[in-house]
Amino acid sequence: MEKQQMEALDYHAEERRKAGFDVEEMKIVWAGSRKAYEISDRVARLVASDPVFRKDNRTMLSRKELFKDTLKKAAHAWKRIIELRLSEEEATKLRFFVDQPVFTDLHFGMQIIGCYAQTELGHGSNVRGLETTASFDPQTDEFVIHSPTLTSRKWWSGGLGKVSTHAVVYARLITDGQDHGVHGFIVQLRSLDDHSPLPGITVGDIGMKFGSGAYNIMDHGVLKFDYVRIPRDQMLMGVSRVTRQGKYMRSDVPRQLVYGTMVYVRQRIVASASSALSRAVCIATRYSAVRRQFGSRNGDAETQVIDYKTQQNRLFPLLASAYAFRFVGEWLKWLYTDVTRRLEANDFSTLPEVHACTAGLKSITTTTADAIEECRKLCGGHGYLSSSGLPELFAVYVPACTYEGDNVVLLLQVGRLLVKTVSQLGSGKKPVGTIAYMGRAEHLLQCHREVRRAEDWLKPQVIVEAFQARAAGMAVACAENLNKFPNQEDGFGQLSADLAEAAVAHCQLIVVSKFIEKLQQDIPGKGVRRQLEILCNVYALSLLHKHLGDFITSGCITPEQGVLANEQLRSLYSQVRPNAIALVDAFNYTDHYLGSVLGRYDGNVYPKLYEEAWKDPLNETVVPDGYHEYIRPILKQHIRVARL
């Protein structure tokens with residue numbers, strides 16, 4: 001075992017010596033700034049060294065034990081934040097590295113614990129279809145909150161099942177028999193003395209969810225209201241209000257202000273996609289360098305799995321995607337600042353484009369769920385073990401495909417904007433922001449790419465124009481087909497799959513463009529820019545290869561140019577290979593945060609896998625429980641039958 005351990009340790013050290021760039025500088029690029037890197041590094045080590053934040057036993061805990069463990073960690077995190085006088089940025093990083101969804105994330109320092117109760121048993125994405133009612137009673141100056149049907153029960157709200165004392169409840173506002181649509185209300189759910197549900201409140205947990213640990217540590221709840229009364233002033237009246245006399249009035253505050261919050265939330269989702277994908281890729285890359293299979297000749301060592309081209313073809317685009325999502329997330333931070341500034345100046349001109357942009361990016365980056373599963377398969381059989389960290393990572397992340405907007409629904413919103421933009425091209429109205437390229441649609445569709453050699457695909461302008469032409473061509477085709485329908489809504493229904501594909505093309509263009517823009521910034525460190533250029537090209541050309549049919553049918557490239565792109569992609573994989581371990585080291589994740597035996601920094605995989613196996617509760621006894629009741633009688637019966 002000692003020989004195995006030393007070989008693994010020495011092996012990863014050799015891999016790191018191959019790196020052709022300054023890893024420490026790449027860590028700073030990944031973090032966003034030197035200050036952010038230093039804070040992240042310091043806090044990560046603080047969390048990793050604290051025994052209360054232990055998580056290696058999570059998948060072996062019962063549901064009740066998981067929930068209590070979450071309560072303990074949440075309380076301890078808050079205690080440490082106060083004791084160490086952590087800044088807001090440091091506190092945010094601490095909760096990030098604790099790596100456990102916690103009900104108090106939005107409520108540090110408050111005397112109540114709230115939750116967001118919008119989704120119902122029967123309605124999620126269709127907010128207008130919510131059934132919970134809030135009827136105003138002018139006699140008592142109160143709203144009466146009620147769940148009129150089984151499907152109107154609130155469902156899925158995190159922290160609702162057992163912990164939250166209050167909720168922001170979304171219900172249909174009714175005054176004098178008139179339905180004014182869905183509005184928000186603050187409703188107390190539990191007593192602040194003994195935590196028992198208040199009269200008219202039925203609340204509980206919705207039960208076990210996907211995965212053995214994952215979100216089973218959270219108390220996602222079900223909530224029923226039975227004519228619960230709340231004061232009128234507990235309605236959220238930022239954009240509309242109800243007077244004492246029961247008159248419904250809209251305020252002068254522009255309703256578009258809610259877009260600022262939407263952009264912020266979706267920016268956070270894109271950032272979390274990068275974090276989750278980089279974890280999975282880190283695990284798969286490190287293990288691929290440790291694992292050896294086949295290729296042994298004359299007693300030589302077998303071939304490292306990472307050296308197989310099939311492994312590189314599946315793994316390296318995911319590595320490039322982690323960096324691409326990171327940088328588009330950084331751009332979304334800027335976009336949030338820009339939108340906030342514009343809203344404060346009552347400038348709403350860019351909102352339709354911003355809404356579509358953030359909706360689409362949320363959708364395509366949360367395909368990270370599929371990428372995590374691919375990383376699990378890249379680790380072979382051992383990837384299926386809980387100790388690999390990948391099954392739980394997948395289970396924790398996969399809900400992102402649904403919450404804050406179903407991914408397909410969001411893509412259709414983008415598709416609608418694209419065909420609307422095409423229809424307005426002849427009106428003189430210029431597209432703005434990320435759809436500005438649509439103003440050049442005619443040129444893009446007529447222009448042929450200057451690609452005669454494989455190396456031509458390394459030119460940023462060639463790549464960007466190819467992606468622009470593909471996106472423009474698909475949007476124009478959708479618009480032309482839509483015009484064939486006498487009824488536009490029928491057309492949208494029939495063409496929904498095409499619209500979603502056009503939206504994906506548009507959003508992939510955004511990510512590629514923002515990666516290229518990142519490369520135009522000042523990037524310090526030996527070889528760092530070069531490695532990012534390689535990753536950018538891998539990301540772009542792997543997408544081109546995957547969607548080659550779209551590029552060719554849109555007329556933006558020829559089949560021969562597609563062949564050259566694939567040839568260049570293979571060459572890029574060879575350039576990524578010697579730097580692969582260093583590129584995932586740049587994520588700067590501690591072993592505690594990764595939570596994976598396969599992804600250990602030191603490569604000490606096999607001894608640790610063996611060690612982890614013996615920690616399983618089944619191995620606490622040599623003879624299993626139930627042997628005498630079930631196994632022994634069967635064996636004795638077989639012996640008697642054999643003797644006959």
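Positions of Cβ are set from backbone N, Cα and C atoms, glycine also.
Because the structure is a prediction, the values reported are computed rather than measured.
Per TrEMBL, the features are:
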DOMAIN    22-111  domain 'Acyl-coenzyme A oxidase N-terminal'
DOMAIN    115-216  domain 'Acyl-CoA oxidase/dehydrogenase middle'
BINDING   Thr119, Gly158  FAD binding site
DOMAIN    259-419  domain 'Acyl-CoA oxidase C-alpha1'
ACT_SITE  Glu404  active site, proton acceptor
DOMAIN    460-636  domain 'Acyl-CoA oxidase C-terminal'
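Cα of Thr119 (FAD binding site) to Cα of Glu404 (active site, proton acceptor): a distance of 10 Å. When each of 22-111, 115-216, 259-419 is scored by its Cβ pairs under 8 Å to the domain 'Acyl-CoA oxidase C-terminal' (460-636), the top-ranked stretch turns out to be 259-419. Each residue of the domain 'Acyl-coenzyme A oxidase N-terminal' (22-111) gets a DSSP state, and the totals for helix, strand and coil are 62 helix, 0 strand, 28 coil. Rounded to a whole number, the distance between the Cα atoms of Glu404 (active site, proton acceptor) and Gly158 (FAD binding site) is 13 Å.
Remark: of the recorded positions Thr119, Gly158, Glu404, the most isolated position is Glu404 (fewest other Cβ atoms within 10 Å of its Cβ). Each residue in the domain 'Acyl-CoA oxidase/dehydrogenase middle' (115-216) gets a DSSP state, and the totals come to 9 helix, 46 strand, 47 coil.
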